[in-house]
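Taking it in order: structure first as structure tokens, then the write-up.
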Amino acid sequence: MNMLALTIILPLIGFVLLAFSRGRWSENVSAIVGVGSVGLAALVTAFIGVDFFANGEQTYSQPLWTWMSVGDFNIGFNLVLDGLSLTMLSVVTGVGFLIHMYASWYMRGEEGYSRFFAYTNLFIASMVVLVLADNLLLMYLGWEGVGLCSYLLIGFYYTDPKNGAAAMKAFVVTRVGDVFLAFALFILYNELGTLNFREMVELAPAHFADGNNMLMWATLMLLGGAVGKSAQLPLQTWLADAMAGPTPVSALIHAATMVTAGVYLIARTHGLFLMTPEVLHLVGIVGAVTLLLAGFAALVQTDIKRVLAYSTMSQIGYMFLALGVQAWDAAIFHLMTHAFFKALLFLASGSVILACHHEQNIFKMGGLRKSIPLVYLCFLVGGAALSALPLVTAGFFSKDEILAGAMANGHINLMVAGLVGAFMTSLYTFRMIFIVFHGKEQIHAHAVKGVTHSLPLIVLLILSTFVGALIVPPLQGVLPQTTELAHGSMLTLEITSGVVAVVGILLAAWLWLGKRTLVTSIANSAPGRLLGTWWYNAWGFDWLYDKVFVKPFLGIAWLLKRDPLNSMMNIPAVLSRFAGKGLLLSENGYLRWYVASMSIGAVVVLALLMVLR
């Protein structure tokens, strides 16, 4: 257990070494340092896990030093290990190591090879700080760290202005959520005098027993932070554009780890949310709406990575739904299995993109199953897990637990939303697979091979099957137990969800394996074009936010750039200057001008006297 800090220190050392190498190292040396540091962190995590189970799954705390101490305000840099943080740590370092190994192959020949691994090592260190922190402020440090790394990696190919814009968009939108999280910190410390997770849960019931509604505001702010980082409604607009980064980044940050940080935040502060059931129910509604909207958006995308981005948004929606119906174990279980099959799909999509000479439009591909059979198998298994194909995939078991939790706790409407989402998931997933790997070959794909390419894919492929579902997160005693569904009802639900998934796959085969005449006619109809455009543009949220927030903000910025306050202060000076110029013109030395001026002045004075009388 004393090795807990090494899971942060090792990737941090890798970051420092790679950063100071300034690209002078060869790709092999950079890969050894970048991949090796994360691999060692994963190995340390394995030792920690063995020790954790050997000691009866007891919560362990490792104080490192006092971070801040001002009067009564004391924040320690303390790490905590329990079943929840161990699960997250295993996902971050384990799946992270596999993705780093794959990236050492994928990024070969790219400019900034060592810079890439420096950023990803810093990300792993920040993510580990986030999941091991024993207090909200230390978690916030890791939270901001992963946000910075996300920005750097989305804009990795910074010479293209579009990538820079995508990075800035992700940074700004997620910062909105971070502001909400900061407000939550202020409220909770002001009310409870501590930010330690355990102490907050212990003090909250007595402190808020008198009906103080500040706890509701605090949990709403926590939810605001969670939806920003986890790309949920209404702060979901950044994730699809984040696909501008290298594909291993999409797998590491925007599928398996960082985007699930919001789920972890709510799970870690579950004691506070249980005291505000209205906010907890809102969490479930946010998840249900997001999973449906993202599912329809994924159905019409043409970019292979954007399909997977919207599917990520949708699957995190399932996790939020699970949290909202108090199916805590199911949420974390799905977080883990999702990391397996979504990392597999993203890495396999990277192989497709390289094999097709960096083409990402699925309609310009086709017939690739013969050229890259291993990648095709990865897509089949990963797609089946994403679609929750019954019995043989990890996704089936975790998603069914979520639906069972919703049904057992009386949230039938959310369960129905989950079933509709399951149908949409299987439909858009196998639409992508059938278009890319079946039909007529439209592009000559070259073979992709190599140990560092194939080994991570094979490991993730195995974990995406029912084998991954055998890994049960040790959450007993950390999160409240989920209400269990009666055996008969559970069997009915499993059959129903299985049928829904299979029907979605069969419908996808009928629509996209043949000549696609029906799909074409629907797409070319007036309603089809309207809905297709609407869904393709993610329900118009970007357009709405541009009109409501971006354009007014830019208008205000344009106005402030010209310093209106200073201009107003100059008005008296300008008027005085014009008056002075007028008086100078009147002093011209002509007698007739003076007589005329006096006459006009006299007439004006007489007129005023007559009017005022």
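Count begins at 1; order follows the chain as displayed.
Here the Cβ of each residue, glycine as well, is placed from N, Cα and C on the backbone.
What Swiss-Prot records for this protein:
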- 1-6: topological domain 'Periplasmic' (TOPO_DOM)
- 7-23: transmembrane segment (TRANSMEM)
- 24-31: topological domain 'Cytoplasmic' (TOPO_DOM)
- 32-52: transmembrane segment (TRANSMEM)
- 53-74: topological domain 'Periplasmic' (TOPO_DOM)
- 75-99: transmembrane segment (TRANSMEM)
- 100-115: topological domain 'Cytoplasmic' (TOPO_DOM)
- 134-210: topological domain 'Periplasmic' (TOPO_DOM)
- 229-248: topological domain 'Cytoplasmic' (TOPO_DOM)
- 249-267: transmembrane segment (TRANSMEM)
- 268-281: topological domain 'Periplasmic' (TOPO_DOM)
- 282-300: transmembrane segment (TRANSMEM)
- 301-306: topological domain 'Cytoplasmic' (TOPO_DOM)
- 307-325: transmembrane segment (TRANSMEM)
- 326-338: topological domain 'Periplasmic' (TOPO_DOM)
- 339-356: transmembrane segment (TRANSMEM)
- 357-373: topological domain 'Cytoplasmic' (TOPO_DOM)
- 374-397: transmembrane segment (TRANSMEM)
- 398-413: topological domain 'Periplasmic' (TOPO_DOM)
- 414-437: transmembrane segment (TRANSMEM)
- 438-454: topological domain 'Cytoplasmic' (TOPO_DOM)
- 455-472: transmembrane segment (TRANSMEM)
- 473-494: topological domain 'Periplasmic' (TOPO_DOM)
- 495-514: transmembrane segment (TRANSMEM)
- 515-589: topological domain 'Cytoplasmic' (TOPO_DOM)
- 590-607: transmembrane segment (TRANSMEM)
- 608-613: topological domain 'Periplasmic' (TOPO_DOM)
May I have the DSSP-based helix, strand and coil counts for the residues of the topological domain 'Cytoplasmic' (100-115)?
10 helix, 0 strand, 6 coil
DSSP-wise, what's the residue breakdown of the topological domain 'Periplasmic' (398-413) into helix, strand and coil?
13 helix, 0 strand, 3 coil
Given the model, what does the mean pLDDT over the topological domain 'Periplasmic' (326-338) come out as?
94
May I ask whether the transmembrane segment (414-437) has at least three C-beta pairs under 8 Å with the transmembrane segment (307-325), counting pairs 6 or more apart in sequence?
yes
Is it true that the transmembrane segment (75-99) and the transmembrane segment (455-472) have 3 or more Cβ pairs under 8 Å, skipping pairs fewer than 6 apart in sequence?
yes
If contact means at least 3 Cβ pairs within less than 8 Å, sequence distance 6 or more, would you call the transmembrane segment (455-472) and the transmembrane segment (249-267) in contact?
no
Below 8 angstroms Cβ to Cβ, which residues of this chain, lying six or more residues outside the topological domain 'Periplasmic' (398-413), approach it?
284, 288, 318-319, 321-322, 324-327, 329-331, 333-334, 336-338, 388, 419, 422, 469, 482-485, 489-490, 493-494, 497
Remote residues contacting the topological domain 'Cytoplasmic' (438-454) - C-beta distance under 8 A, at least 6 residues beyond either end:
101-102, 104-106, 351-352, 354-357, 359, 364-372, 374-375, 513
In the same chain, who gets a Cβ under 8 Å from the topological domain 'Periplasmic' (268-281) while lying at least 6 residues past its ends?
84, 136, 139, 188, 197, 200-201, 204-205, 208, 215-216, 218-220, 222-223, 323-324, 326, 328, 479-480
